[in-house]
């Protein structure tokens, strides 16, 4: 019996970025849900909270006072996971009990002085300032460290402890696991097929138009063919770009526009401020700046946890932890659902046009 990817037949899909397979079981969306329902987050966030350590002019945990910033603001994380002067554990170790030195720096970057805005509610010029600061941090930290991870955890559901719009930047003296795996997979694909993996993938998705969420002249965002999380997206440049620092002024403007459109669609999906974890992956830096990194293509991952509604999330437990990744609806079904959301601006609440 012939079937299509929009049918309810379970199947496996290959993720070439991680060399893993994902079990797709779309028929499981029909099952009744009587499990945990998340409490909706508080919608009324003040523009300025005198007790919020990320707001302009406020005092942080270490006693330092924030400046009265009016766009982005970067500072050293008061509780860093990495520090530059960690001791070396030594090299005379048993193969089953190995450890290495982990050194680095952790920074926090505020997007905007107001606590009651998020990226989709910011103006395009303000989003461009965020992108420019990301690139500036990549140059600064990437001159020394092999890996600079820019990431944003948005919403309490994703472990964000502060509603003020911000992200984190961790630079390390080692390549993290995901970066190492992605580097290997992209390198092997180029060697076998003669073209960077994600550059070819972006071209094919642009041609097929089956999983494209939003697109413009320089960028496209897709629900990847191998997506694990229900509403996962992959943001890709159309040109071969290895790092954020290589983006032209036009590509940065296009990136600001497509981020705003993508995140607005997320917010409109369940009419909430949509939670997610996102991050940028690009060619390694530091000592790798002098090496050939042609196999790399810049990209951003968005991993939202929600499944059925604003209150029902996808749990990666049981089979996913002990066997392999599994998803409950196809990426093509996600696109069909998302296409019904056509509003240009977030509709779940109104903001001043001055934001």
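Including glycine, each Cβ sits where the backbone N, Cα and C put it.
The active site, tele-UMP-histidine intermediate annotation in TrEMBL covers 166. Shown in sequence order, 54, 108, 109, 110, 111, 152 are the residues of the chain, 6+ apart in sequence, with a C-beta less than 8 angstroms from the C-beta of residue 166 (active site, tele-UMP-histidine intermediate).
Among the features that TrEMBL reports, UDP-alpha-D-glucose binding site is placed at 28-31, 61, 77-78, 153, 159-161, 168, 314-315, 319-320, 326. All protein chains included, residue 78 (UDP-alpha-D-glucose binding site) registers 13 other Cβ atoms within 10 Å of its own Cβ.
The domain 'Galactose-1-phosphate uridyl transferase N-terminal' feature in TrEMBL is assigned to 8-176.
If you look up TrEMBL, you'll see 184-340 marked as domain 'Galactose-1-phosphate uridyl transferase C-terminal'.
The region 'Disordered' feature in TrEMBL is assigned to 33-62.
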